[in-house]
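J.: Below, the features straight out of Swiss-Prot:
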ACT_SITE  49  active site
ACT_SITE  95  active site, proton acceptor
BINDING   52, 91, 493, 530  ATP binding site
BINDING   93, 531  Mg(2+) 1 binding site
BINDING   94, 95, 96, 97, 116, 240, 312, 313, 314, 533  substrate binding site
BINDING   117, 268  Mg(2+) 2 binding site
C-alpha cells in the first residue's frame, strides 16, 4: 500500500515554483485539485527551464532557416548539412545552478546531458566546448568552484572519450554567487538518418533505456528556474550524479539500435526526467501517452510515482519502438549491460496518464503540459544608453609595454592552459587545432573536410548595451571561425540572464536577442538550437547578461587552416580593419585605469562580413601565414599572443600620428584582424585590399625574441610568456 500523498497547500504550491495565477490555471484546466504527482508534473513542465515561458515569445524572432539547415530549434539539437550526406548535430546548454552547489557533479552532468542531446539525434559526438563564468578571484568560493567545475568537465569528457577542444573562461564579481557552466557538444551523422522526438502511431511501445532511476536530481529543473539565496547549499541533494562510462555504453547501444531501424522516436531524459521526455514525445506527435511506473527500473526501494516522474538520474533515454523490433532492440541493450523496459504505450487520447501500484497517479491533457504551456509577455524596459568615452579623455597611467605585461597577467586575458590541459583535447585523433587559438579545428574522418568550432560572448558589452553586445557576440564567433579559415554556417546559443520578472533584466534579454538576430541575418548564420537560463541571481543580485554563442563553420580542406602563431621572421604584420581607439568597456579601461564604464564598441555587420570574406580568401589563397582576430585587450594583446604562440618577436611601428597611443594599442574596435604575409606577397596583398576598399595598415615585421615598440621600451618574449602563463596556475595554487 502506497503512502498517503501530501495535502495540497499554498505553501506546497509555492515550494514547487508555481505562482497563484498558475495554480488557478491548473484548476481551470483540469477542473479539480491536482494530485501530488500531478502538481510535480505541472511544476516541472511549466517552470522556466522546460517551458521557456518568459523567453519563448521573443525567441520566435530569431532567424532559424537556411538551405543547409536540416533541423532548427525545437528538437534535442540542431542539424546542418555540410554536403556528401554528412550532417553536423550540435547544441549548447547550461548547468549553472547545480554547478554552483556541487561543482564537480554539476559540471559532469552538464557535459553528459549535452552529449545525450547530440547522440539522441543519431550523431556520434566528436567534440565538446564550454563557456565558464566564475566570480571575482578574491571571493572565498571562487578557487573551489573553478577547481571542481574544471575537474568535472574533464572527468566526464575524458572518460566518455570525446575531446574538449575549446571554450571561454572568465571572472567577474557579478558571478560571485551564481557561476555559469555552459556546455556545447558537436556530433556527426548521416544527413538522411536523423532521429527526432515526435512519437507517431497509436499503441506503439514506449521503452525505458539506460541506467536505473534513483532519487538523485529530484527537482533539478525547478531549482534551475529559481533565484539563489544564502541557503542554496541545502539544495545539494537536487544535483544529479553522472556516470560517463554508463553514458558511453548508452551511446553505443543507441547508435546500434538506430542502425537496425528500430526507432520511431527517441528523447533523452534530461531536465524533469521521465516527465519531460514522455510529455514532449507525445505532445510533438499529437498523441497521448500512458505510463506504468511499476515497469520502471529503479535502484532504490519504495520510490513513489512523484519521485520516479521527477527524478533526474542520468544516462537514461525514452524511445518509441517499432513493435516488430522489440526482441532485437532488447538484445542490443542487454548486450551493452543496460536496462530495457517497456513502460508504456502511445494512445489516441492526447492525455498523459501515469499509473503506479494499480492506481492512476496522473491524468492530464498532454498538449497543455508540453507545447501549449503558459506564455508570458513580461514587461521590459530598454537599457539606458551609456556615454561614449573619448580616448583623449583617458589618461594613460603607464606606457604601452608595461600595460601589456599587466594585461597578460589579468584573470580574463591570461592563458587558460591550466584549464584545458585537464581536458583530453586530442582523444579520437581528429583534433587539428587545440585550445588556445581563435577556434578549434576538428578533422572529419575519411575526407579532407574539417569543422571550426568556437564559443564567444563579451558580457560587459551586453550589460552596457544589450543590442550591441548581442551583435558583437555573434560577430566575434564569426571572426574566430574565419580566422582559422572556416566558413561560418550556424549558431547555437545559451542565454544566461537574471530574474525576468524585473523589467530591466527582461530588457537585457530582449535587447540581446534583437542584436543576435540582426547579426545572424547579416552574417548568414542561423540559430539552430539553444537554451535559456534565467533567474541567475543570488539575493537579488543578477549576473552580467551572458548570451553565449556557439559557432560552427566548415573547412573544405582542414590542412589549409590558419593559426595565430607567427611562422617566420621577416614577415609583414598587417592590421585589417579600421582603428578609432574605442576604450569604452575595454579590458584596458577596467584593469589599467580602474574604470568599468562607457558605451561598448559598435558593430558594423556589413563591415564584419566584408572583412571576414577578405581574410578567409587570403587564407584559402595561402597568402596569410598567421591570422588572429582582435578582441579583448585590443591590438597589442593580439600581437603578443601571436608572438608567444610562435616564439617569434616583432618590431612594431608607432601609432599613426592622429591616434591616441593607448587607444591604438588597447582599444577594442570591431571587425579587425592581424595577419602576417611573406615579403614576396606584401605588395600584391596591399594593392588588392586597397582596390576593394578594405582598410589595411602595415604595422610591423616579425623577428627577434622581443616585442620592440617604437617609442616604448622593449619587452622580452620570456617576460610576456611568464606573465601570460603563470597567473592562473599561481592562483589555483594559492600563490596570488
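Cβ atoms here come from the backbone N, Cα and C positions, even for glycine.
The structure displayed is predicted, hence computed values, not measured ones.
I would like each feature placed in context: is it buried or exposed, what are its neighbours, and how far apart are things?
T.: Its Cβ placed at the centre, residue 49 (active site) has 26 other Cβ atoms within 10 Å.
Neighbour list (residue 95 (active site, proton acceptor), Cβ cut-off 8 Å, at least 6 residues apart, same chain): 106, 107, 109, 110, 113, 181, 182, 183.
In this structure, residue 493 (ATP binding site) is part of a beta strand by DSSP. Counting every protein chain shown, the number of other Cβ atoms lying within 10 Å of the Cβ of residue 493 (ATP binding site) is 31.
Within the same chain, the residues at least 6 positions away from residue 531 (Mg(2+) 1 binding site) whose Cβ sits under 8 Å from its Cβ are 91, 92, 93, 94, 182, 493, 494, 495, listed in sequence order.
Counting every protein chain shown, the number of other Cβ atoms lying within 10 Å of the Cβ of residue 268 (Mg(2+) 2 binding site) is 30.
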J.: Around the ATP site recorded as 52, 91, 493, 530, what other same-chain residues have a C-beta within 8 angstroms of the site's C-beta center?
T.: 59, 73, 92, 93, 492, 494, 495, 527, 529, 531, 532
J.: CA-CA, which of the recorded positions 49, 268, 530 lies nearest residue 96 (substrate binding site)?
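T.: Comparing Cα positions, the candidate nearest residue 96 (substrate binding site) turns out to be 49.
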J.: What does DSSP call residue 52 (ATP binding site) in the simple three-state scheme?
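T.: The three-state answer is coil.
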J.: Hey, does DSSP put residue 96 (substrate binding site) in a helix, a strand, or just coil?
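T.: Note: residue 96 (substrate binding site) is helical by DSSP.
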J.: Report, in whole Å, the straight Cα-to-Cα distance of residue 49 (active site) from residue 530 (ATP binding site).
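T.: With distance taken Cα to Cα, residue 49 (active site) is 12 Å from residue 530 (ATP binding site).
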J.: According to DSSP, does residue 531 (Mg(2+) 1 binding site) fall in a helix, a strand, or coil?
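T.: The three-state answer is strand.
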J.: Compare the Cα of residue 268 (Mg(2+) 2 binding site) against each of the recorded positions 49, 52, 116, 312, 314 and report the nearest.
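T.: Nearest candidate: 116.
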J.: Counting Cβ atoms within 10 Å across all protein chains shown, which of the binding-site residues 93, 117, 312 comes out on top?
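T.: Per the Cβ count, the most surrounded site is 312.
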J.: Residue 314 (substrate binding site) to residue 49 (active site): how many Å between their Cα atoms?
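T.: Distance (Cα to Cα, whole Å): 17 Å.
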